[in-house]
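A.B. asks: Straight from Swiss-Prot, here's the annotation block:
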- 15-35: transmembrane segment (TRANSMEM)
- 61-81: transmembrane segment (TRANSMEM)
- 88-108: transmembrane segment (TRANSMEM)
- 112-132: transmembrane segment (TRANSMEM)
- 146-166: transmembrane segment (TRANSMEM)
- 184-204: transmembrane segment (TRANSMEM)
- 240-260: transmembrane segment (TRANSMEM)
- 274-294: transmembrane segment (TRANSMEM)
- 302-322: transmembrane segment (TRANSMEM)
Amino acid sequence: MLTFARQQQRKNIRWLFCLSALMLLTLVLSLCAGEQWILPADWFSPQGELFVWQIRLPRTLAVLLVGAALALSGAVMQALFENPLAEPGLLGVSNGAGVGLIAAVFLGQGQLPGWALGLCAIAGALIITLILLRFARRHLSTSRLLLAGVALGIICSAMMTWAIYFSTSFDLRQLMYWMMGGFGGVNWQQAWLMVALIPVLLWICCQSQAMNMLALGETSARQLGLPLWFWRNVLVVATGWMVGVSVALAGAIGFIGLVIPHILRLCGLTDHRMLLPGCALAGAIALLLADVVARVALVAAELPIGVVTATLGAPVFIWLLLKSRA
């Protein structure tokens, strides 16, 4: 038994090492990719200093952090709601952040500073997450909780559409494209949002013991002495913060939080000591690759990254849904 445990631990460490190496490679690829490819040898040329360090580097860092945040949010929500299909985009949390952001733009007449818009997006994500947690406490079945989340997402989406349709503000109409997901407008001025993600990401990755207990179910976690009320509320705040900041940076990006934790579990990373850092690395890799595709797929144009992740993630979600019903 001890030998098997050691073998599994070594296998998990190898997985994390491979994911770390792959993330570094995709980071380099992201800095090179664009309408004009710039190889590492040219990064310190006058042209490279402008395109790589001033334009592509802040975008790449934002993609990396948002991918890690969304994947971790999915893993946390799946343990928190005891629901393998829980995911920020699917359960309406991302749309809730969008409603908060659009409400801030609408009520503030476009005069609010960037930090206030970010806080409103975080507040919107927190409100939807708290509503979902309220539903979860009523011991709804997996399918009913999923439907409740989808319904909340539809309501939030309808609110955003109505606000944008009747608005004469260019800022609100511009948000319609932005809510499809994209990092085109990210620069060093949004560095404070990136910094705001880092401590929460690191803190979540260190909470493997509590996450393992939550994954066992409410009854087992309580018997093991876990203060459920405290951890539920803390994790709700952490998840809402990560999703809200991610939406403020890049708009609504779906399926990363659903697909990444499932793929890693299928690869054997079931212990949250390995699953959480693995989700952060794999989420960063997946979104970096999607961002590269979004940049280079069309000539002189850029695809919304939400379209790329939805196109790749929707078939995987259907497969997971059919598998969970089997």
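Every residue, even glycine, has its Cβ placed from backbone N, Cα and C.
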A.B. asks: Mind checking which residues reach the transmembrane segment (15-35)? Cβ under 8 Å, same chain, six or more beyond either end.
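C.D. replies: Those are 43, 51-52, 56-57, 59-60, 63-64, 264, 267-269, 274, 277-278, 281-282, 284-285, 288-289, 291-292, 295-296, 299-300, in sequence order.
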A.B. asks: State the non-local partners of the transmembrane segment (61-81) in its own chain: residues 6+ outside its ends, Cβ under 8 Å from one of its Cβ atoms.
C.D. replies: 23, 27, 30, 87-88, 91, 93, 132-133, 136, 145, 183, 186, 190, 193-194, 197-198, 200-201, 204-205, 211, 214-215, 232, 235-236, 238-239, 242-243, 245-246, 249-250, 253, 256-258, 260-261, 272, 275-276, 279-288, 291
